[in-house]
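Beneath this line is the structure, given in structure tokens, with notes to follow.
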Amino acid sequence: MKLSVPETISNPRDFLHTSVPQLTDLDSLLRCHICKDFLKASVLTPCGHSFCSICIRKYLQKESKCPLCLSDLTESMLQKEFLVQEICSSYVKLRGSLQKHLTISSQEEEKDNEIIISDEADTSVGTKRGTPDSPSLSSVSTKKRKHDGITTLLMKKKTDHPQRQEKKAQCPICSKHLPLSELEGSHIDECLNKGSSLERSDSFEILDERTPSPSMESSHQPLEEKTSLPSSHLLEVKEKKDITYHNERYLNSGLLQQKENRLPRLDFQSLSMTQLKQKLASLALPSNGTKQQMVARYKHYEMLWNSNFLDSIDPVDENELKRRLSSWEAKHNTDHSSDSNSITNLLRGNKRTNAISAMIKLFKSDRFDRKGWMRHHTSTFKALKLEAQRSDKLAKMKKEELSQKSDANSEVSSEPILKIDQTSENN
């Protein structure tokens, strides 16, 4: 009796042997982690994980916890995800075409898997490489062997090229950048011998050590497994991690601990200007402008804060949030953006105070940077100089005004005396 087996069983690893192996990550993300098939009627949990509706409901009948992060979960907490469902359905329709167009053809695969193993005889010291009558060329015997699996991404048929300027490439085993001549020599064999005792993952297994044929063992000449290693055809260690980076980050998202609390909404009608300014100051935000502008500033920062620290899988720090707020305020809340209390100036001020405090620590030592101190305070010195010149001018102007007034008063006071003298003479 034969069991009925589906004709095709899809697997995220189907894309490992294509020209875009990173699609493995996308394929895994669109699958339910209970049934391992593509999401159907996707629902979202409060902890941010997606499952098929029927799968998670069956699971919750046995245990009231999220299968991935073990957070408390009930059916009433599940939310519909129409967008994810449509994305998944669209991908399922395109998956076959993607795999067909991106899969490397069998002929190219055979060419890429071929390794030329050359057995070179020892030559005399004076013999030059590449001469027509060189004994090494006559004693070379080649044998082609095929590798399967992930090695299609690691190996390429060796072609004879004239010797050019020495180039470097990255070793797929130890990830070191070495000259091609060294990599084509015994370096890879040494790396494989060292790493043969280490455990390797099923998805990214590097070349297995192969035992040479008896005919090759009989000749007491060194064997060299040669392969050209251009960086464009190597699956580097970084790229291997990138293939499953998003999927692993999603699976580990439940382990992330929420460090920051939710920023609450405020009842702005009941808050006075003083209370609102105190609230902004407690968040290290500027408290300038009208009440309407301060309310808009707080609302936008509240939105940035909660979406970053509560919903993002990769949150940024507070300084980045304040930079985003500054950018938003420059476009939508510009009346007081140039004030000394604006966000941009506050951020700049923090950097300046840090630099000044570092200088002050060295003020009494020989390491004090006097020129740096002068450069840092050049604008302040200029402002003080201009202010002193203005005050000097004002003082001179006041003196002149006072002297002019005193002269005018003396002239006015002398006129009645002259009149009195004239009247006395007439009498």
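Cβ from N, Cα, C; glycine included.
Keep in mind that what you see is a predicted model, and the values were worked out from it rather than measured.
Here Swiss-Prot flags 32-70 (among others) as zinc finger, drawing on sequence analysis. Cβ atoms under 8 Å from those of the zinc finger (32-70) belong to residues 10, 77-81, 84-85, 88, 91-92, 250-251, 253-255, 313 of the same chain, restricted to positions at least 6 beyond its ends.
For 113-122, the entry in Swiss-Prot reads compositional bias 'Acidic residues'.
Here Swiss-Prot flags 113-170 (among others) as region 'Disordered'.
Residues or ranges marked as compositional bias 'Basic and acidic residues' in Swiss-Prot: 160-169 (among others).
Residues or ranges marked as zinc finger by Swiss-Prot on the basis of sequence analysis: 168-196 (among others).
As annotated by Swiss-Prot, Zn(2+) binding site applies to C171, C174, H187, C191, with the evidence given as sequence analysis. Note: C174 (Zn(2+) binding site) has non-local neighbours C191, i.e. same-chain residues 6+ apart with C-beta under 8 A of its own C-beta. In the three-state DSSP scheme, C174 (Zn(2+) binding site) is classed as coil.
The feature compositional bias 'Basic and acidic residues' is assigned by Swiss-Prot to 202-211 (among others).
The region 'Disordered' annotation in Swiss-Prot covers 202-228 (among others).
According to Swiss-Prot, the compositional bias 'Polar residues' annotation covers 212-221.
The domain 'SAP' feature in Swiss-Prot is assigned to 268-302.
Positions annotated as compositional bias 'Basic and acidic residues' by Swiss-Prot: 392-404 (among others).
Residues or ranges marked as region 'Disordered' by Swiss-Prot: 392-427 (among others).
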Translate the DSSP assignment of C191 (Zn(2+) binding site) into the three-state scheme. helix
Counting only residues 6+ away in sequence within the same chain, which have a CB under 8 Å from the CB of H187 (Zn(2+) binding site)? C171, L178
